[in-house]
Structure formats: C-alpha cells, structure tokens
C-alpha cells in the first residue's frame, strides 16, 4: 500500500521489478529526480482510480484539515518591520528571499518596554573605570548599555505562541567606540550574548555550526539535554551566519579607556590554562598579555593619564595566590553582558515592543527565541540600505529652509460658483461696445469668472477620475507582484530554476508610477493656480515688505488710506476753492447788477429812493 501511495505521489514505486529494472530509461528523461513533478504521469492514472476504489471499499476516509490563513504576507511584513519597501533576491533555492534591510543600533529606554516587562531596571550596578577589587582606584563609574539591555531581557513577560520569524539582513551597523568616559554615546556598549551557563560562553567561539555541533553531540556540555527523554530541548543559536564579520571590538565597539579589573589565571593541566572561566592553550601569562592585560607577580603599580591621572595598584594577594592578570577582561564581552538563557524567562519565546528587533550581525528577530545561545547581539531597529524616494522627499520637506516666499492671500473658487457660461453674440458685443463700454467690460469680467469656475470644476473631476484609475492600477500591480513572488518562491523551493520555466528569471513589468504621480500632482497644482484675490492691497504690501505680520498689514493699509485721502484733498481742494469762489463772485455780481437795475427803474418812474426795501 505504501509503495502504491508513493508511486501515486512521486511517479516512482518503492521497489522495481527485475523486468522493469532491465529496461533502459527513455532518452528524454535526463532531469534530476528532485525536479520530477509531484503529480503522477498519465500511466499512473489507473493506480489513482484503484486507490480511490480501495479507500471507498475499506471505508478509509481522508480528512482534509483546513489551516487558518495567516493573513497577507506583505501587510504582516510591514507591520512587523515598520518598513513599506522590500526587495526579493533569488540567490539560492533554499532561501530565495533576501531582504534589503540592515540593522542599526537604537537608544533603549524603559518607556519603550512598558507593558512588556514585569519590573523596572532603575537600579543597575555601575561599571567602574577601576574595579573595587583594585585598591586605590578613582571613584569613577558609568552605566553601559548592555546592563540595561540584559536587565530588560530578563524581565520580559509577554510570551509568543510560536518562535519569532528570522529575517536575513544584508548586515548591521557596528556600535560606536567609547572615546571619552565622561561622554559615552547612548548606544555604546550595547552588545550582549546568550550563554546556557552562569559564566561567559567564550568557550563556544563564534561559529554557528560549531556551537550547534557541540550542543547536539555532547550532552555533557548541553544544559538543555533532557536525560528522561534522551533528547535536547529546542534551542536557537543566534550567532551571525558570517560570524567573522560581526564579532569583537570591530562590531561591538572598542573601549578607548582600559577598564581595570583583577582576575585569577592559573595553569590547570599541561598546555592548558584558565583565566576567569575561559579555557585556552598555552601558559596563563600569554592569555593575559594577548588580551591587553598585564601579568602581575605579587604586586605592580600602574600610572594612568587617560582620561585623567590616577594610580592603579594591582596586588596578586587579592586573588589568593601570588600571580594574576590585571587589565581588561579576556572575554569579548564583559561577564555581565552574558545573559543566562537557562532561566525561566527564556524557556518560551518572548515578544519585543514594536519596531524593536534583536539584531545579531546579519540576522534579526522581532522577539527573543526560546533558549538563545551565542552572539553578539544588540537591540535596535531595521532600515533600508539606502533611503527610497519617499523618504528623501520627507527629509527635504522637514529640513530647515531659509528665505521662504509667502503666498498671496488668494482664496480658491467655491464649489457653489456659477459655471454657466453664456457668451454674447456679435450684435450685442458691437452695440454694447459703442453705446455702453462699461457694461461690456462688466459682462466680459463676469463671463471670465464663470469660465474659471467651469475650468476648476472640470479639472477637479478629471483629477478625481485619474486618481481612482491610479488606485486601481496600483492595486493590480501589487497583486501581480505578489502572485509572481509567490510563484517564484514555490518554484525555487521545489528546485525549479530559470531553465525550467520560460521567463522566470526575467520579469518585465513597466513602472510609470513615479511619472504618473508627478503629473497627477502637477494637475492638482495647476488647478490651484485659478483663484480669487480677495485682498489685493494686502497681497501687494506683503510682497513689498516681505514676511510682515497681519497687524502691520492692517496698520499700513490704514496709513495708505489716510495718505490717499490727503492726496485727494490736496489735488481736489484748489478746484473746490475755485468753484466756491466763482459761485460767490457770481452771487455778488448778480446782487450788484440787480441793485443797479432797480435804481434805474426808480429814476425812470420817479419813485423816492427811501421806499426801497
């Protein structure tokens, strides 16, 4: 039965008869068996019918389990990584997706972890420039970032249902060096490591495959090994794939100043020595000097001048023997930077706050995997290797600009404006131009306003229509790219390369979205060029005097109005005075002439002059 089912699924039975084995394969069958289609060939259709009949007769039912759909892959990508751009790279069939993201260190604050940790990390042991085990050292101390990071990771209390997805990065940025003990960058000294023991895990080295091999093949050195089930509990080696590029002070940052410590080194067996929990070949003094320390016999005094003058007295008697190493710790990371991954908080995968990732060289997780081992790692964020066009525009828009030109106070046309254009005919234009030029000019301005209203409404309808079409084209484009990416992924995962499917490696999809967006924006800006200048005097004053306030504009308008009134009075007052004087003179002349005529009439009729009223 199993052989029949295998033959149905693969097209090759489990065992071949001798008669069939003597047959030569056809000349056209030169493909790799791994690339054989999963569906049966035409010859096996009879076997399919036989299996179906057999299942119906025996009552065997094949239940179909519908898996819950996880949602859109790219929406999940964007929400988890905080990125809207990505690229696909068909580098290998085993990992066809390669992101264009890189890791960058980010300052860590307890406010970012609100709701994700069980307690705060306010009381952290400071890192002294000279340890308390060395008498006479200065009371200078600082808190490096790794102490806060390790404390927060140990207090994570939000568990994940599944292991966090791993992201393959192009790389990650190294941490800055500590060049001034009094001004340490906020992300300096943020590297941590994960060890299944209470001591530093320098014994594992940094090779991911080597660490995995040791933990899987040597149960004695594997703290995750369960003797009852004779198997190891699942663990995750978080060391970078290209570990030689992401290790040591080149990646975690170098301490520009020596952090003096005193620790014991002794020779345990032939050609093997141990210094502070780290084993190595050779005598212990070689270990000490190779890591920047100084071998001490009984006592030695060191005079330091950086970052300030002080004296360090390293005494071997403090170690309980007559010799030791005085200087930097010999591990790549300080002992406090190693997090014990056997603690209860790491038995299950833990969630990190949004947009915060565990970055380990060229690998990243949006969470802490269960039982992590290796390093070095730090908490940071992901970004594109180069900013895209949208990010560049945002940066330029938010940058400080000088000499900003203020726009005129032009208001856009209202939606309720009249767009009914009724032009006059030739006869009306001729008679209006000859008999009433003012009426013709007013009618022309009215029709121009209606034409502007019609143009704005027409342009708004056009841009709205093009915007809807552009949204449809964008959604179709995204669907095509998503389907093509899914098809390529499935083909590569099943070992089918470019030579199997025509046009697979070359997929040309024209992209004029940037040009369309620019033209679409130009259309919107072109519509906004039609407007009504409701305050021409204020606009003229703003353009004349630059960026003045509104109160100054109103003041200048008042002064300008008063000046215009004064000018009008100066121009018109002589005329008014002349007219008034002329009228007065005319009245006087009329009165004198009337009196003269009256006297003549009196003389003519001989009436006495005294009776004149």
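Just so it is clear, glycine is given a Cβ too, placed from its N, Cα and C backbone atoms.
Positions annotated as signal peptide by Swiss-Prot, on the basis of sequence analysis: 1-62.
All chains included, 12 other C-beta atoms sit within 10 angstroms of the C-beta of residue 120 (N-linked glycosylation site). Residues annotated as N-linked glycosylation site in Swiss-Prot: 120 (among others).
The annotation disulfide bond is assigned in Swiss-Prot to 121-151 (among others). In the three-state DSSP scheme, residue 121 (disulfide bond) falls into the coil class.
Taken from Swiss-Prot, the feature N-linked glycosylation site covers 140 (among others).
Cβ contacts within 10 Å of residue 177 (N-linked glycosylation site), excluding its own Cβ and spanning all protein chains shown: 16. Residues or ranges marked as N-linked glycosylation site by Swiss-Prot on the basis of sequence analysis: 177 (among others).
Swiss-Prot lists 184-233 (among others) with the feature region 'Binding to host receptor'. Model confidence over the region 'Binding to host receptor' (184-233) stands at 71, taken as the mean pLDDT rounded to a whole number.
DSSP assigns residue 252 (disulfide bond) to a helix. Other C-beta atoms found within 10 angstroms of the C-beta of residue 252 (disulfide bond) number 26, with every protein chain shown included. Summarising the annotation, Swiss-Prot assigns disulfide bond to 191-252 (among others).
According to Swiss-Prot, the N-linked glycosylation site annotation covers 230 (among others). Annotation for residue 230 (N-linked glycosylation site): no spatial neighbours, criterion Cβ-Cβ under 8 Å with sequence separation of six or more. According to its DSSP assignment, residue 230 (N-linked glycosylation site) is coil.
The feature N-linked glycosylation site is assigned by Swiss-Prot to 264 (among others), with sequence analysis given as support.
Swiss-Prot lists 265-275 (among others) with the feature disulfide bond, giving similarity to another entry as the kind of evidence.
Look at Swiss-Prot and you will find 268-294 (among others) tagged as region 'Binding to host receptor', backed by similarity to another entry.
The annotation N-linked glycosylation site is assigned in Swiss-Prot to 271 (among others) on the grounds of sequence analysis. Around the Cβ of residue 271 (N-linked glycosylation site), 9 further Cβ atoms fall within 10 Å across all displayed protein chains. In the three-state DSSP scheme, residue 271 (N-linked glycosylation site) is classed as coil.
Taken from Swiss-Prot, the feature N-linked glycosylation site covers 297 (among others), and the record attributes it to sequence analysis.
What Swiss-Prot records for 313 (among others) is N-linked glycosylation site, and it gives sequence analysis as the kind of evidence.
For 321 (among others), the entry in Swiss-Prot reads N-linked glycosylation site, with the evidence type sequence analysis.
In sequence order, 191, 192, 193, 194, 238, 358, 359, 360, 361 make up the list of same-chain residues 6 or more apart from residue 377 (disulfide bond) whose Cβ falls under 8 Å from its Cβ. The annotation disulfide bond is assigned in Swiss-Prot to 360-377 (among others) on the grounds of similarity to another entry.
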When distances run from the Cα of residue 177 (N-linked glycosylation site) to each of the recorded positions 121, 252, 417, 460, 575, the nearest one: 252
Alpha-carbon spacing, residue 271 (N-linked glycosylation site) to residue 460 (N-linked glycosylation site), which is rounded to whole Å: 85
Lowest local Cβ density among 191, 572, which the record lists as recorded positions, within 10 Å: 572
Pairwise Cα distance for residue 575 (S-palmitoyl cysteine)/residue 120 (N-linked glycosylation site) [Å, integer]: 89
Between residue 417 (disulfide bond) and residue 121 (disulfide bond): CA-CA distance (Å): 64
Secondary-structure category, per DSSP, in which residue 575 (S-palmitoyl cysteine) falls: helix
Candidates 151, 252, 417, 453, 460, 572 (recorded positions) with Cα within 10 Å of residue 120 (N-linked glycosylation site): 151
Rounded distance in angstrom between the Cα atoms of residue 453 (disulfide bond) and residue 151 (disulfide bond): 66
